[in-house]
Amino acid sequence: MRLAIDYGTACTRAVLVWPERPWHPLVIEGTPEPSSAVHVAKDGTITAGGEAWRLAVDDPDGFVGAPLGEGTGTVRVHGRTVPIADLVAATLRLVADEAVRIAGVLPSDVRMSVPAGWDPGRRTWLRQTAHQAGLGRPQLIEAPLAAILSTQAGPLPAPGPRVSGPSLSGTPSAAPQSAFVLVCDVGATAEVSVVRAGPDRTEVLSTVSGVDAGGWAIDERLVAMLLTTATSGPDTDAGSGVEAVLRAASPAAVAVLRTGKEAVSQQPAVTVPLPARGAAVVLSATLVEQAAEPALRRLTELTSEALTAAELGPADLAAVYAVGATAAMPAVPRVLERQLGVPVRTAAMPGAAVVLGVAEAEGAAAPVTEPAPKAPKLTVLRALGLLAPGLASVGLFSHFVFTARGATASSWAELALAGVLGLVLCLAAGPWIGAALGRDAGIRGRWDAAAQISAGLLTADAFGVTVAALYAVAAGLYLVAPFGEPLQWSLLPVLPAALLAAAVAVLIRRRLTPPVVVEFPLVATLILSVGSVLFAVTAAETGAEPWVELASRAGGALIGVGVAFLLFRIRVLQALAAVVLGVFGFFIADPRAIGVFGVGVGIAVAVWWGQRLLALVRT
């Protein structure tokens, strides 16, 4: 089962598709094309669907007619800043709820159309917004490729058996190999794309768009023409009500005029009642086409720009497709044919062409997400960042075991330092572990960047905790001692950092922002590794020479400096904290303080991962 969604500037369309069963349009509040408009109340409550239009009558300032037309940032409504993603998610949530109501469960295969001209950042924004609406991680299909699938397959009947469309990874059946197709998607706005259908793939060569070449521009000019007629007509009493409504240009008035404009595509003229007592206007096909002339001229300019960008001419085109609700106007294909000299094929259901193509797509027309990244280049510094904590961890554990006296260790706390450094090693190796997992034959090509990074971190985290536990068990067996105390010293300092690192990994996987490789600070790792070994080895000496005591204190100072480098990212704060903590570590360097150092390093590592988690939550 598949859910296909086409979230448009003016309205939203969605269909459910089952194998070997009729496709089913989602009818929301009585219409298969619910408006994308929303209403924001003074208290910040967001309402989508038909209720938004009803609220707009009493509170027009809270009405946002086309959230997508405002961009992908924020919009000011009632003096408050509202993320546009919240407005779009409100409408998508209606789609998700209706899909669940019909199917009983949200389909696992959710697909959405995306304008071909959108960059990766805006595509990620759309997927994140859909995720916010409860639609999971939808696959994105570029709108012109979806339009080709539904238009070239021939007329689709009213809800009936699902038509098996060709794969987007292959060559469309209606065009020869390496054929060029021009797709004019004319809805509230216009997007013109040149598509190359080759033997191996179908790709968009160029895309241009314009808000002044679609239904919005036609609506504005139509209102202006009707207003001119109303003010200059002989019947001023009858015209006064119409004039007042047209001058107000309320959302309700524009909506009924848009409905009338679409109706004259099938009949010569219609009478459109306006939202005022006794007010009505007559719309004719001739009047609507006159209002559309500037927009259609702009549409021809966009087609020329798209062909120029693709370095093609009209003679290179194998086909021209017109889709989108405004493409139902007979003037649209007529103007395009006159300009290009190529027959224009209009989709059987122009407004639904894209969503039906999304439903029929057999392959991904747009990247599902970012490709899995390559592992960071293993430089000398990175190699030292891996070797240093690993050697230090093994060295500390070995020193702890072989300097123990009888069945009781001189200081179980030395296990804390060994365990924390072992975790640091494993987490630092996370990117390489993820890359190795991604190359496995069973999952190659199925992981995106987020999955690979998350899997690498979680696997490394599990390795780190396991190493710490094995240190404790091995020490207990070797010293013939109960496991309780070594496990306590080995695991407790490690667990906070391990849990926070796991939370970071999960958040990277679930969020839709572009993931990045999380690298533990290399300089801090080197300083902590050297300082820990130097302090632990020399602090255990009794009656040592002065230089041994100095080495022990130097190790304590290095641990303090390494902790400072972990806690702070601003250079000035790092320097100040390094001086303070370095001096403090120098003076408390004593065999009895090894537990303080072990727990302190564990807390510092946990704080660093906590900072990464907080940064992810805020983005």
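A Cβ is built for glycine as well, from the same backbone N, Cα and C atoms used for every other residue.
Here the transmembrane segment (383-403) has long-range neighbours at 409-411, 414-415, 417-419, 421-422, 424-425, 428-429, 467, 471, 474-475, 478-479, 520, 522, 525-526, 528-530, 532-533, 536-537, 540, meaning same-chain residues at least 6 beyond its ends whose C-beta is under 8 angstroms from one of its own. According to TrEMBL, the feature transmembrane segment maps to 383-403 (among others).
Note on the transmembrane segment (415-437): residues 372-376, 378, 385-386, 389-390, 392-394, 396-397, 400, 443, 447, 452-457, 459-461, 463-465, 467-468, 471-472, 475, 486, 489-494, 497-498, 501, 517-520, 525, 528-529, 532, 536, 594-595, 597-599, 601-602, 605 of its chain, located 6 or more positions outside it, place their CB under 8 angstroms from a CB of the stretch. Annotated transmembrane segment per TrEMBL: 415-437 (among others), in sequence order.
Using a Cβ-Cβ cut-off under 8 Å and counting only residues 6 or more beyond its ends in the same chain, the transmembrane segment (458-481) has close neighbours at 393, 397, 400-401, 404, 406-409, 415, 418-420, 422-430, 433-434, 437, 487, 489-491, 494-495, 498, 501-502, 505-506. Among the features that TrEMBL reports, transmembrane segment is placed at 458-481 (among others).
Summarising the annotation, TrEMBL assigns transmembrane segment to 487-508 (among others). For the transmembrane segment (487-508), same-chain residues at least 6 beyond its ends with a Cβ under 8 Å from one of its own Cβ atoms are 412-413, 415-416, 418-420, 423, 427, 450, 453-455, 457-458, 460-461, 464-465, 468-469, 471-473, 475-476, 515, 518, 595, 598-599, 601-603, 605-606, 608-610, 612-613, 616-617.
Residues or ranges marked as transmembrane segment by TrEMBL: 520-538 (among others).
Residues or ranges marked as transmembrane segment by TrEMBL: 550-567 (among others).
Long-range contacts of the transmembrane segment (572-589) within the same chain, counting only residues at least 6 positions beyond its ends with a Cβ under 8 Å from a Cβ of the stretch, are 531, 535, 539, 552-561, 563-565, 596-597. Feature annotation from TrEMBL assigns transmembrane segment to 572-589 (among others).
Residues 411, 413-417, 419-421, 423-424, 489, 492-494, 496-497, 500-501, 503-504, 507-508, 511, 518, 520-521, 528, 532, 535, 556, 559, 562-563, 566-567, 569, 585, 588 of the same chain sit 6 or more residues outside the transmembrane segment (595-617) yet have a Cβ under 8 Å from a Cβ within it. Feature annotation from TrEMBL assigns transmembrane segment to 595-617 (among others).
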